[in-house]
Amino acid sequence: MSDNKKQQALELALKQIEKQFGKGSIMKLGDGADHSIEAIPSGSIALDIALGIGGYPRGRIIEVYGPESSGKTTLTLHAMASAQKQGGTVAFIDAEHALDPNYAKALGVDLDNLVLSQPDTGEQALDIAEALIKSGSIDMIVIDSVAALVPEAEIAGDMSANHVGLQARMMSQAMRKMSGVISKSNVVAIFINQIREKVGVMFGNPETTPGGRALKFFSSVRLEIRRAEAIKQGSEMIGIKSNVKVVKSKVAPPLKTASIDIMYGTGISRSGEVLDLSVELNLVNKSGAWYNIGEEKLGQGRDNAKQYLEDKPELLNELEKKVRTHFKLTK
């Protein structure tokens, strides 16, 4: 077959496929397609930088996992607030039945416009999630958590019954069904997950995440969040410092880490992020324990410098603007 006939046959095939499956179902990559990936800011400047595209990619699956009390829910609540600030609709599938509305509100989540579901079984949770995604009406959906998605057979069965592999099969089927729909609807789908220890592992990492391997494979971004240290004011514990590592990314170079301060009651410390990044970019000078901008002293020690910025919102906003401009981040 000549090149001309091949081209005509290809054009005909493309038209037939588009007619059968709808516009956009198939295309040539060079046909004016937008190769840039849309993103919703994570609510953390440091994490937006680590993610490489300024936030969570739309139309993709994201897994956030880590030990208990490391900041997983806080991280996702900030993302939800960020999506709502951009005019997006957010759904929260609360399989753990543990959402604290007051804390969510304190972090900026608009509770009046938050779509909330507290399902009884794993199948119900995933069916609700799929229906919401298919509707095309939401911009972000959060499932909290994969470990709490209990298959119906396990709930209905006896405590002594063996249900090995049920949850993994359920998640595998859900991922196969949902991944295409998530991509078409341009939704950010965030799955929160916990960490478990494999029994009898002598070498290598004994830690694993529940729900089988499907979520690992289908996720475009996997974030591991771990508590690094406590933040104290005198003897009182007022927050934690956590490290978020981009373990996997199909949209940007992975293995970057963001360090964030999570303050009890208020969430991610904006002043802490801006201060650290300003020092990195030499916008703020750090000499010994002192922080200063030219002749203006911000304070001795990181906590005092953070407080100084919080007391001077104009200076904080100015530094944040410079940081965002340098890293090409949107608000």
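Each Cβ is built from the backbone N, Cα and C atoms, and glycine gets one as well.
Here Swiss-Prot flags Gly66, Pro67, Glu68, Ser69, Ser70, Gly71, Lys72, Thr73 as ATP binding site. Neighbour density for Ser70 (ATP binding site): within 10 A of its CB lie 23 other CB atoms from the protein chains shown.
Secondary structure from DSSP puts Ser69 (ATP binding site) in coil.
In this structure, the binding-site residues Gly66, Pro67, Gly71 were compared by how many other Cβ atoms lie within 10 Å of their Cβ, and the smallest count belongs to Pro67. Residues near Thr73 (ATP binding site) in space but far in sequence (CB under 8 A, at least 6 apart, same chain), listed by position: Asp144, Ile192. Within 8 Å of the centroid of the Cβ atoms of Gly66, Pro67, Glu68, Ser69, Ser70, Gly71, Lys72, Thr73, where the record puts ATP, the same chain has further Cβ atoms from Ile225, Arg227, Ser242.
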